[in-house]
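Features of the protein shown, as given by Swiss-Prot:
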- Ser9, Ile10, His38, Met39, Lys51, Leu52, Asp64, Thr65: glutathione binding site (BINDING)
- 1-80: domain 'GST N-terminal' (DOMAIN)
- 120-250: domain 'GST C-terminal' (DOMAIN)
Amino acid sequence: MQLYHHPYSIDSQRVRLALEEKGIDYTSYHVNPITGKHMDPSFFRMNPNAKLPVFRNGSHIILDTIEIIEYLERIAEVSSGIEDATFNREVVEWMRKIREWESKLFTLAHIPDNRRLYVSKFLRMVVIARMAESPDLASAYHRKLREAYDTEDKLKDPGALRRSKDHLLRLLDEVETKLEGTTYLAGNEFSMADVMLIPVLARLSLLDLEEEYISSRKNLAEYWALVRRRPSYKKVIGRYFNGWRKYATLVKTWMFVRVRSLLRKY
């Protein structure tokens, strides 16, 4: 089994958390979306959406995050011979509810404009370069260019940004209420619902928004402290973004983009 992913990707974090929690072995391939590696023709042919993660088991390829997690759940049950009682209807409902909030727009809105626009321009140049290399994929690459411009338009729309924030606030308020009576999101046992939520909280922390969105909610703050102690969190997220590590991770990527842009090597 192979997983194409990157530590920056929320959906990648979700799948990796599930893999670690289930104890499933896999081969890891890093595909950095900020440096444009997800636009390489070999990856693009496998996944024309150019989104992460991509899970592959032999000839079987799964692109949807929840479908990947459900597939991993079935693998774990077959391997153990025991049905996971924590994977129930409530868990699935929470998984889908959490996914409804789109993190990309919110994240980009909290990145300084000069850096965001610099990376955006770099990625557009990467797409154009790959289009020249693989003309048979031109229509798919054109679609990615349109998506990039659409995203920039949304970032200029105060209404779109407000709706994204309001959606997140409603979700966190609902989680806060739920955690009033349970240790974890779908009960007193850790489940795949938590796997979907944890990367959202990690993203807020990465953006230095923990005080506003997490600490201000008592139950959520206690939950956040609890899940960060899990070995899966430490391996998937903590090793890249805890303390000084987040600066090392971000600086390394930023320098790559700067150098490639200066050399015009896309």
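Including glycine, each Cβ sits where the backbone N, Cα and C put it.
Quick caveat, the model's predicted, so the values are computed rather than measured.
Here the features listed in Swiss-Prot are painted onto the structure.
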| residue | record | DSSP (3 states) |
| --- | --- | --- |
| Ser9 | glutathione binding site | coil |
| His38 | glutathione binding site | helix |
| Lys51 | glutathione binding site | coil |
| Asp64 | glutathione binding site | coil |
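Sorting the binding-site residues His38, Lys51 by the number of other Cβ atoms within 10 Å puts His38 first.
Between the binding-site residues Ile10, Met39, Met39 has the most other Cβ atoms inside 10 Å of its own Cβ, all protein chains included. Around Thr65 (glutathione binding site), the same-chain residues at least 6 positions away in sequence with a Cβ under 8 Å from its Cβ are Asp11, Arg14, Val15, Pro53, Arg99.
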